[in-house]
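Colleague: Attaching a single structure in structure tokens format; questions to follow.
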Amino acid sequence: MNITNCTTEASMAIRPKTITEKMLICMTLVVITTLTTLLNLAVIMAIGTTKKLHQPANYLICSLAVTDLLVAVLVMPLSIIYIVMDRWKLGYFLCEVWLSVDMTCCTCSILHLCVIALDRYWAITNAIEYARKRTAKRAALMILTVWTISIFISMPPLFWRSHRRLSPPPSQCTIQHDHVIYTIYSTLGAFYIPLTLILILYYRIYHAAKSLYQKRGSSRHLSNRSTDSQNSFASCKLTQTFCVSDFSTSDPTTEFEKFHASIRIPPFDNDLDHPGERQQISSTRERKAARILGLILGAFILSWLPFFIKELIVGLSIYTVSSEVADFLTWLGYVNSLINPLLYTSFNEDFKLAFKKLIRCRE
């Protein structure tokens, strides 16, 4: 995203970059762009070619990968040209298109993380009922909603820019506006509200999972002296869930959900007969789940929070930042599109197998 307040040419004046600096910056950004493109393409191809991954939850991840791929293909390359050349030389129309695509795709990527968290929350806390509702149509509706909200958040500047008497300097390509209300509206809608919702959802997911781990431990202890079929029935009964295997295994929250798919317990499993051992296993799983959630939330917050803090303080005329700082924070946000395909697939064995198949085919 490239949003800034109106500034004078003097205030925008910066020290020209040396050839060496431009080369280093260009190489770094090209590597980021290339990796982002390849990783998101790999996710899309893995889901498209692997029947086992054709699940509603994975459709959300695929849509996220498509959105991040658009950031890598349509947004990052023009940003590299703009940064390296220190000025915009591609014309007013292309500038307008680039800024609109930038804001829409980045906002959409953030909102995808929100609906993925919501999908996982429902899958954990309302498993039986949501398993019936978790369909491809529902996933498509969630994706359509995300894109609609993103467009409503990012498009308003187009209308007032088209009515401005003075066009922005041809050497600049930034959204120049003095609309404080829009600054608040866009930052709240694109980041702060989704961030709040994501934090609440993952907090509740963790506590729900922790409770379910404890119930699973209790059900195992009570069913150790039953037959295998009796164990399966009793465990399902005690956990108030059902024995299924169609939960999405692509989620990093798989550690939370997978006990639904593996309720069957070997008879006379004396290894788990001691409360201390059961508690240790439960504690290990809780720590692993906490680490996964910490990675997801940490990557998202570290990538986008600095940018949106800058947007508020600059948009509200509290403080101004140099173009170098603005570019760095913008690309820090773009890096989230590189991290997403790693975080949302690397904890799942089905995705790992699909990636291995893709690599073997290329070899």
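Using N, Cα and C of the backbone, Cβ positions are placed for all residues, glycine too.
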Colleague: Name the residue from C6, C26, C173, C236 that Swiss-Prot records as disulfide-bonded to C95.
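Modeller: It is C173, per the disulfide annotation in Swiss-Prot.
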Colleague: Kindly tell me whether the record in Swiss-Prot places R15 on the same side of the membrane as D350.
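Modeller: Taking the topological domain names from Swiss-Prot at face value, R15 sits across the membrane from D350.
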Colleague: Does the structure show the transmembrane segment (22-45) and the transmembrane segment (180-203) touching, where I'm treating 3 or more Cβ pairs under 8 angstroms (sequence separation 6 or more) as a contact?
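Modeller: In this chain the transmembrane segment (22-45) does not contact the transmembrane segment (180-203) - fewer than 3 Cβ pairs sit under 8 Å.
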Colleague: Within the topological domain 'Extracellular' (85-92), count helix residues (DSSP H, G, I), strand residues (E, B) and coil residues, in that order.
Modeller: 2 helix, 0 strand, 6 coil
Colleague: Treating G and I as helix alongside H, and B as strand alongside E, what does DSSP give for the topological domain 'Extracellular' (317-322) in helix, strand and coil?
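Modeller: Per DSSP, the residues of the topological domain 'Extracellular' (317-322) fall into 0 helix, 0 strand, 6 coil.
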Colleague: On a simple 10 Å Cβ count over all chains shown, which one of the recorded positions C95, C106, C173 is most densely packed?
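Modeller: Within the set of recorded positions, the most crowded position is C106.
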Colleague: Could you tally the C-beta atoms, other than its own, that fall within 10 angstroms of the C-beta of D102 (serotonin binding site)?
Modeller: 25
